Each structure stands twice: as structure tokens, then as C-alpha cells.
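Before any comments, here is the structure.
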Amino acid sequence: MSPNFKLQCHFTLILLTALRGESRYLEVQEAAVYDPFLLFSANLKRNLAEEQPYRRALRCLDMLSLPGQFTFTADQPQLHCAAFFIGEPEEFITIHFDLVSIDCQGGDFLKVFDGWILKGEKFPSSQDHPLPTRERYTDFCESGLTRRSVTSSQNVAMVFFRVHEPGNGFTITIKTDPNLFPCNIISQTPSGRFALVVPYQHQNCSFSIIYPVTIKISDLALGHLHGLQLKKPAAGCGGTGDFVELLGGTGLDTSKMMLLVDLCYPFHGPAQMKISCDNAVVRMVSSGKHMNRVTFEYRQLEPLELETSTRNSIPEYCLSSL
């Protein structure tokens, strides 16, 4: 098993087990029994493309990146369950309730959340999502089948559920639809290239990479100023109305992450930064007065790079270097 794959599985298992309140460190020896990142395989996606709809059982703790139909059936009381769904950056996710057999009066529940939430931290954050937090939940026990489908605002969504009675459960169908201007994204991969475009809309958009990475910005168009200026967090870009931030941290919520640098002025040409945090984010703040765009590449840091970084860094800064 490659070090990169172990790192991916390690992070995912920590994320999922935290739903049970288990904050202790997990040592992952092998991931043969539970292998959520197998579904991120491009080869698997190609092989299944001709066999849609894809069907399989849903686990109590699960992560899925493929459209299809998924059925959960409790074989014993399952009290702390969640399924994380992730699409391509340019996709919305729609969750459709096909069949639900749970006892709402007996304490069961089935809830969809627009985004991901873990240990009180949300993605997108409350600052970046168009809806207040309470409106991001859809509770089946309250709405029933009057609202059979829920569509996310970005490429991630999740389902919380609790089922007491063995044999009870539900079936859902996951579909994806194109998103012409994706705003908040969690990357499926540790490397890639993306252009975050905000066309004359007053909103904040974040691209989250749940890996330590090097980020290279090749183009930044903010529409209101010219030239390049890198300002330290103390100076800030808040007064400009349109700017890009690079953030680092250990959780999902961008509002709780550390501001490493902000970019207030458009430029062409590479600006590179190494961020050894568990989560690195490119975040664009837009006033709505301009067409803003930032194009960047990202690459996961190799283990040797991380080891070298650790020896020469302050831990709370996750080793940021521009």
C-alpha cells in the first residue's frame, strides 16, 4: 500500500469515526476491510459507466463518489451513522428518497445536510453558504415524502441516520447535475488544476483540498485593480471587496482556519505556496461588481517534503512558505 493511499484512508477513517465521538488517534495498518477511497478510482468509474445504475448496500459509515442506488438495512440498532457524498467539482448532488422504512416516533431519523459537517465544523462555512445553517438540513421525519429529492449547493452532501429496529432502513438514489459556476468545492484528488470563477455575484467561494499541498496560482483576475501585491494578514485585503485568500487548518470550516496570505491585485505568472496543513483552501471573496477568476494547480506534498517541513516549521502555522 502506497504512503499516499495510507494517508488518504487514515484521514477518512479519523473523519468518520469522529461521528461516534471517538477522538483518539487511529493507527491504520491496512484498509482492506473498509476502503472508501476505492470509489475515487478513475478506472472504477470508467468500468461502471456502462453499467449504470450502480447499486450496492450502504454502510453505517460510508463515503461515495459515484451516482447510483444505495440501500441501508439495519442488522442491529445503528445509532451513529452518516454517509458522505462527493461529486466532481462541476457537479451538484441530488439525493432522492426511493423507499423509507424507519420509526420516527421510536427515535429513528434520516436527515440530509447540504454540505459536510463534522464535530461542529461545516463545509461550506456559514459565511460561504447561501443558506442559514438550519435551512441546510432536510429532515425526513418532518417532511416525509412530500420532499422526495434534495439537491446540494455544491459537490458535497451527506446523510445522517439512526435506525433502531433490525430490518428497517431506506433506499436512496444519488444523481449528479452540471454546475456551470461551481462555488464551494472539496477536491476528490490530491493533485489537479482548477479555475474558480465568480461572475458578478456577491458571494464567497472556497476550494478545499484535504491534503498537505503545494499550490501554484498562475492567473488572478479581480477586475478592479492592476498589478500584484501580497499582503500579510495584519494588513489584509478586506477593504478591497474582491480578493483571494490562502488558508490552512485541520478542520472543515474555513472561518476557523488560519489566513496564510491574501491576494488583492490581479496578476499573470506563477505564485507558489507550500501548505503542510491537513486542509488547504483557496478562497475567493467577491463584491458582485466584477467578473473574478483565479486559476491554480495543486500537488500533494511527498512524505520527504513533509518530514523536511516539520523540522523547519512552527507547528501551528502548518509550515506555510511562499
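Backbone N, Cα and C atoms are what each Cβ position is placed from, and that goes for glycine too.
Look at Swiss-Prot and you will find CYS60-CYS81, CYS104-CYS141, CYS183-CYS205, CYS237-CYS264, CYS277-CYS318 tagged as disulfide bond. Positions annotated as N-linked glycosylation site by Swiss-Prot, on the basis of sequence analysis: ASN204. For 1-24, the entry in Swiss-Prot reads signal peptide.
Annotated features taken from Swiss-Prot, shown on the structure.
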residue: CYS60; record: disulfide bond; Cβ contacts under 8 Å, 6 or more apart: PHE72, GLN78, HIS80, CYS81
residue: CYS104; record: disulfide bond; Cβ contacts under 8 Å, 6 or more apart: PHE140, CYS141
residue: CYS183; record: disulfide bond; Cβ contacts under 8 Å, 6 or more apart: PRO124, ASP128, SER153, GLN154, VAL198, GLN203, CYS205
residue: ASN204; record: N-linked glycosylation site; Cβ contacts under 8 Å, 6 or more apart: GLN127, ASP128, ARG283, MET284, VAL285, SER286
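By the criterion of other Cβ atoms within 10 Å of the residue's own Cβ, the least surrounded of the disulfide-bonded residues CYS81, CYS141, CYS277 is CYS141.
CYS141 (disulfide bond) falls within a helix when secondary structure is assigned with DSSP. Straight-line distance linking the Cα atoms of CYS237 (disulfide bond) and CYS277 (disulfide bond), rounded to a whole number, equals 23 Å. Packing around CYS205 (disulfide bond) is summarised by its Cβ count: 24 other Cβ atoms lie within 10 angstroms of its Cβ, all protein chains included. Annotated pair CYS277 (disulfide bond) and CYS264 (disulfide bond), C-alpha to C-alpha distance, rounded: 23 Å. The local packing around CYS264 (disulfide bond), expressed as other Cβ atoms within 10 Å of its Cβ over all shown chains, amounts to 23. Just so you know, the Cβ of CYS237 (disulfide bond) picks up 22 other Cβ atoms within 10 Å once every protein chain is counted. The secondary structure of the residue listed as 'N-linked glycosylation site', as reduced to three states from DSSP, is extended strand.
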